[in-house]
Each structure stands twice: as structure tokens, then as C-alpha cells.
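Since the structure comes first, as C-alpha cells, the remarks are kept for the end.
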Amino acid sequence: LVLELNQVVIPTYGTVPDQQNLHTPEWADFEGKPDSLFFSDGQRRIDFVLVYEDETKKMTHKRSGRKQQKRKRQVYESNLINNGLQLEATRSVLDEKLIFVKVHAPWEVLCTYAEVMHIKLPLQPNDLKTRDSAFNWFSRFFRVDENIIKPEQEFFTAPFQKEHLSNFYIQDKDTFFNPATRSRIVHFILSRVEYATKNNVKKFGINKLLDTGIYKAAFPLHDSSFRHPSTDPDCPSERYLLYREWAHPKNIFKLQPLDFIRKYYGEKIGIYFAWLGFYTNMLIVAAVVGVGCFLYGCLTKDNCTWSQEVCDPNIGGNIIMCPQCDKVCTYWNLTITCESSKKLCMFDSFGTLVFAVFMGIWVTLFLEFWKRRQAELEYEWDTVEYLEQEEQVRPEYEARCTHVVMNEIIQQEEYVPYTACGKCIRMTFCASAIFFWILLIIASVIGIIVYRLSVFLVFSATLSQHINGTEAIRKYLTPQTATSVTASLISFIVIMVLNIIYEKVAILITDFELPRTQTDYENSLTTKMFLFQFVNYYSSCFYIAFFKGKFVGHPGNPVYWLGKYRNEECDPGGCLLELTTQLAIIVGGKAIWNNIQEVLLPWVKNLIGRYSAAARSEKVVPRWEQDYHLQPIGKLGLFYEYLEMVIQFGFVTLFVASFPLAPLLALINNMLEIRLDAWKLTTQFRRMVPQKAQDIGAWQPIMQGIAILAVVTNAMIIAFTSDMIPRLVYYWSFSVPPYGSHSSHTMKGYINSTLSVFNISDFKNASKPFSPWFGNQTTCRQVYRDLRYPAGHQHQYEHNIYYWHVIAAKLAFIIVMEHVIYFVNFIISYVIPDVSQKTKSKVKREKYLTQKLLHENDLKVVKKTMGNIADKIIKRVDSTFRPKAE
């Protein structure tokens, strides 16, 4: 629905109507009431605040520029008044250059635009009975005290129509539209009122005026201080209650008052915290199972036969390993890896397999139950049939509209910023830029790999290992461990630096792409940012999990990177422990970094602002000026909050088979994240303009894609990164005849049978170690279990039968695990409906009442009118055809 607004529009930038024809705001002085939310008359509520700097006191602009800005602002304010809004201007208490224009929407304006925006408002109280479940009885111990924050009364609602005003549940006109709805309506008007035209292109909207500096800020008011309730007895002090019962750290174990959050901040903020709280609650189950699997690994590590063989001086002590690099590396004893093998037993156990299968099912349960929860919120928050208003064109798009095209829908000419060819060129350039930056990330990953390869030589020389070395530190600080930890730290630093740079680059690319609306802009930026973040955060983990140590050759014929660097090998137990280390550093470091950044920066900025306004402590400051000195929320709003959580969701699901404690770390982080985000919104930022949101948007399909990929990655981690499949193949096939010598299935002899034998005389000169060989042994063992025939065999150094059995078992395992989990997930998706029966009943009941109250009343009026007309017609017919008296 397009609303034609009767506006006074400036014809050009150089000419304006007479000043007498322009309406100006009322002027009023601040009356010393710091908590007042009303005009000076105490009756009209402040729905929005505009802030500008008095043009006559500006020192940084030319006189002509100041005059031009003043003209645009005056025309804009005059048009606001012409559209029914009431304005009152007040000079700042702390800075006489600042002017605060308070905006009030009268009842008639609210009703008109509520109908235009299809805002759903109460018809009558909800009469459907609700049954308390056992879970509700349990959750009441964690809910907010209902005596402090009273539960919101449920209503059946319908899109507002002025002609059916009597059918709506109006007890008080002042409270029928709550403050959030009033602010949303006023912002809708502010975004559509014109202030100029240039070359037949209309200039309109508060966003463009903010971008050009004509206004310094535009925001709705917080209703009170967060530190104490309002002194106005009629003010509900919702901000104070939100801080006390939601944002304060003492509430970390309490459930969130979602209806109250939605009432104060709007549906878009409410749906984010509802999703984050639901995700956090689901993580409790995953964290408990993950800790259980980790404890199982801790309890069974002493019974790990292959680790015992590594640590046994009679087995591992007699196994001499080949050097892991060319020339400078020495021969070393297998017992050096004793401690790492014990740690590996904690993660590479049967519990890992159970947990991986569980998480593959958990992620589907999470997404399916969230759909149900989201459907409930859609009904409760009146977004079931949410009709998107016609979105305002972005000012950046509008400013570039110079080409004329024919609109196929309305069959009229319109201005666009580029032709079809120009759009194709822009898209090609943007795609090329994105591809370049992804290649840059891959180059940084290759740089980390080269670092690993080169620094391993240094650590091997400085942390020189001798076969008979017994120092305690050498049990822990091996060249492999030192290389892994330092590379993980450097990888984390590179990830965060690239992240900061690419955020700016992605915004520049999207700005150049020039999307038409803000929704198009956010969707385009979301795609770019997530694609980048996916490669940036996960590439190093994918390398360790699926590439490191897989293509190393053998000591007599090693594989080289770039023809110079010898490909690095995993520990004898595989790369699982290194992947676990990488995940722990990235997940833990990212959580700490983000929380410090999110909390510290706004707090420091506000602290500086408070100290810079030294007069604040001496003067009473009004609510609108206190809010002005808070931080603006930013154009992208919750985009970065969603991005942070979805990246974490990827870590929790994609690589959880190697790190079962990831859900626990995510749970702890999210419990803090909810309160920190709440604290930021409540104390450090201006109040956001309330916005409608039906769901979490594009993040839902992104998470569904991650869930599908997670099944594959975890199956491959267990198959190719862990040592579980080779152990199972040895236990069931190669420990007993015809391949083994044991009479029953056992893990004894596993280490000796899986480390390939290499003859030291077969070393090439380029890789032959400098350190002399001592003892009478003529062979060494290959570090990674490459399962090759020994020297002297007719197929020496080629893969043996054990290798091909293991490969077949790995591929079979991946296929079976994937199909089993996908089948279970399909059954779960089929069994669990997206909308519960209770919600369906409420929706049907609401539709019935809407039809009954709104449409049947119209029919009654028609019938009554038609009945009167019919009676008159009959009377006239009777009088016409009645026989005349003789």
C-alpha cells in the first residue's frame, strides 16, 4: 500500500518557499525534570528525538553550506508538522550549540499510520485455556519474579482499521499504542518525509539527513535511568527493570523475560535473544553429553593398550623413529610421545564416536524445536502474517539514480543508478573482489603451513632429542607440540586481523554493489561476511583434520611443499590432538576477544564522554540529553551478534568429534554473552528503533547448511583424523590369524604392527640426517602409520594389505554413519511438526474472531441498511398499486 503524503517539497537546492510558509517547532526551556518523557505541557509524550547543531554556531562549514543545511532542515520539519506530527525544540543544557527537537504523534496520526503499516492490535483477551506442563513447574524456579515484571496479558489481534475502531480492545487511548509501537510509527514517517528535490529526484528520509550531518542523531527515548526507577510515578521504569532482572550479572541462571524485552525493544531484538537463549538451553544437553564422553576418556586412558605400549620401555623404548625433517632432525625414541599419547586417549576413544553421532542428531533436534518455538513467538508477537511494508530506498542508492528505465509493473519511467550492463559490471567486480579475498585467506593458511614446516626445523635443532633423554620437560615440550601451539596462536592472530580488515572491505564491496533497500544490503553483506568468516575461521582446522600428514610419502621418498619444504607429519597417534589444540585456542580466544571488544569499547567511549562533559555533575540533565551521550547502535544492528554466534555454532558442530568440550565452552560463553549483550543494550547504547521480524532471517538456512556439512566432517574426522578405525581393523582382523599371531582378539602388538619399517641405508643424500647413528640397528620406524611393506620385501615401501583394509573400513564407516544420521534426522524432521497443535488452534481461533468481529459487523450494518431500504420500497409499491377509493 502506497500512501500519498501531502508534503511541502523544496523544488531545488537553491530556492525555498517563504519562511512564513514553513511551519516551525514550538520552543520550550528545560524545566528541570530529568526523568520527564513529555513535552513542556506534561501531556504530550515524546515519541522520538532529533538532534542538530545550531547552524549559526557552526565553525567548520562555509556560510553558504550552513545556510543550505538550515533550509533543508526547516523544510523537513515543516513537512513533519504538515503530516500531523507535533514538534518541540529545546536547547541543550550542557552544550548551547545543540538543539533537541522532540517529536509527538497524536492519536489520529497513530491510527492512520497503524492502518497503513498493517500493525496488529488487540481485539479481545485470549480465552483459550493453557495447561501447565511439568517443565513449566520446574522452570518457575528460574523465571523472573512475576510480582516485579508482570506477565503480559495475551490478546487476539487483527490488523488495525480505523473504521472498525470500536471493535478493538481500547481501554485507554494513551496506552493502546505502547511506546515501542509509537516510536516505530514515528520512524516510519520520518523515513518517508521529503525535504528537497534535485533534477526531478526526490530527497527524503531521516537517514540521508543523518548521513549528510544535517542532524547529528535521531532516536527514541529510554524511559528511565538503568540505575534507579523514574521519579515520575506514572512511568513504568521498564529500562530499570530490564537491567535489574535481565542484564545484571546476578541473573545469569535466570530465564529471560522475552515478552518484556519484545515490548521494550521490538520483535527484532526479542527474536535474537529468544534464539540465543534457546540455543544456549539446547547446549546444556550437548555439554552434559560432551563432558560425559570426556570423563569416559579420562577414566579409560589408563586401560589404553596402545598408549601403554608407547610408554612401555620394553616396547616403545626399543622402537627408534626416523627423523621428521631433512638433515638437522635426529633419530628419536617413541617413548618421548608417551604423555601426548595419554592425552590422545582422552579424546580418541569410543566416547568420541558416540558423541559425534549424538551431535549429528542434536543439531537436527535443535533446528526442528527452534522452528516450533519460532512459530509460537510468531503468533504471540503478531508476526504470523507479517506484511512487509514497502521498504524505503537507501539514500546511497537514491543519490546515484541518473538512468531512466521503464518499470514493468506500474508502466512508468523511474530512475535507477545503473543500466543492465553497468549492473553486470558491478556484480562481476564484486565477485572478483570476494574471490580475491578468499584466495588471500587461503594464502595466509599456506603461510601458516610454511611456518609449521620451517619452524619445526628450528625446534628440532634447539629442542634436540636424544634417544636416552630423560628430562621431564621433554615429555611435554616436543618439537611437534611447540610447533602446534605456536602455529595455533599465530593462526588465531592472523584470523582476527584478517577479520577486522575484511569487515571494512566487505562493507566497501557491498557499498559499491549498491543494493536498493536495507534488507537487500544486509542480505548481501551477510553472504559475503559469512563466506569469508567460514574460510577464515575453519580453513586451518580443515587443513589439520584432512590434509596434514596425509601426503608425506616415506623417509626414502618424502613429499615437498613448493619443492623446498618437506611436508609435515602427524604424531604417531594422528593429528586429532593437534586439531583439539587448534579448536581450544580459537574457540576460547575468540570468545575472550569478542567479549572484551563488545564490553570494553562502548564502556570506554561512554566513560570518555562523561568526563569530557564536566558540567554534567553540576547541572540537571534531561532524559533526551542523557540518551544522546550514549553510543549509537549502528546501521547493521544485530548483524555482528548473529555472525559471532553462527560461527560458534559451526565450531560446536563441524569439529566436535575432536573436541567434546566445545559445547561446554560455548555454553559458558553464551551464558555470559546473553547478559553482556543485554548490559550493552540497556546501559551503553541508545534505544533502538523497534522493528518487526518474523524469524532470524538468512541465518536459519545457513545453520541448516552447517548441520548437513557437520555430519560429513565429523564422520571424516573419526575415519581419517582419529586412529579409531585402524585400531578396530587391527583388533578384529589383524591381531588374529591369518594376519596376526595372537590366539584371540586383542590390541597387544598394535604399535609394532602399524609403524612401517625403513632401512636407514635407503636415505637420500638430501634428507640423510647429520647426527650419527649409534647402536647396531639398521632400521627406523616411520612416524605416521602409513602401513607399508618393510625393506627387503618384494614390494618394499608400498602400501600393504593392512592399509587397504583400513581404507575400505574408513570409507564404509563414513557411508554408514552419514546414512544412519541422515535417516534419523529425516525421521525427526517428519515426526516433529514445525508448528505445534496448540499454536495452530490459537491461530485458527484468532482468524475466526477477526472474521466474526470485523466482517460480520459489516454484514449486520449492510443487512440493517438494506432492510430499511426494502421496507421503503415495499411501502411505495403498496401505495402505488392499492385500489383507489371510489
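Just so you know, glycine gets a Cβ as well, placed from its N, Cα and C.
Whatever TrEMBL says is automated annotation, not expert-curated.
The annotation domain 'Anoctamin dimerisation' is assigned in TrEMBL to 38-258. In the predicted model, the domain 'Anoctamin dimerisation' (38-258) has a mean pLDDT of 85.
Annotation comment: TrEMBL describes 261-846 as domain 'Anoctamin transmembrane'.
According to TrEMBL, the transmembrane segment annotation covers 272-297 (among others). Panel annotation: around the transmembrane segment (272-297), residues 255-256, 258, 261, 345-352, 354-355, 358-359, 362, 365-366, 369-370, 373-374, 377, 638, 641-642, 645, 649, 652, 656, 660-664, 666-667, 670-671, 673-674, 677-678, 696 of the same chain, lying at least six beyond its termini, place a Cβ under 8 Å from a Cβ of the stretch.
For 350-370 (among others), the entry in TrEMBL reads transmembrane segment.
If one looks beyond the transmembrane segment (434-461) by at least 6 residues along the same chain, the residues whose Cβ comes under 8 Å of a Cβ in the stretch are 324-325, 328-330, 479-480, 482-483, 486-487, 490-491, 494, 498, 502, 505, 509, 528, 531-532, 535-536, 539-540, 543, 561-562, 565-568. Annotation source TrEMBL lists transmembrane segment at 434-461 (among others).
The feature transmembrane segment is assigned by TrEMBL to 481-502 (among others). For the transmembrane segment (481-502), the list of distant contacts is 340, 437, 440-441, 444, 447-448, 451-452, 455-456, 459, 463, 529, 532-533, 536-537, 540, 568, 578, 581-582, 585-586, 589-590, 593: same-chain residues at least six beyond its ends, Cβ to Cβ under 8 Å.
Under the heading transmembrane segment, TrEMBL lists 645-668 (among others). For the transmembrane segment (645-668), the residues of the chain that approach it from at least six positions outside its boundaries are 276, 279-280, 283-284, 286-287, 289-291, 293-294, 297, 347, 351-353, 355-356, 359, 363, 530, 533-534, 537-538, 541, 545, 576, 579-580, 583-584, 586-588, 590-591, 699, 702-703, 706-707, 709-710, 713-714, 717-718, 721-722, judged by C-beta separation under 8 angstroms.
Annotation source TrEMBL lists transmembrane segment at 702-721 (among others).
Sequence-distant contacts of the transmembrane segment (811-832) (same chain, at least 6 residues past either end, Cβ-Cβ under 8 Å): 356-357, 360-361, 364-365, 368-369, 372, 711-712, 715-716, 718-719, 725. As annotated by TrEMBL, transmembrane segment applies to 811-832 (among others).
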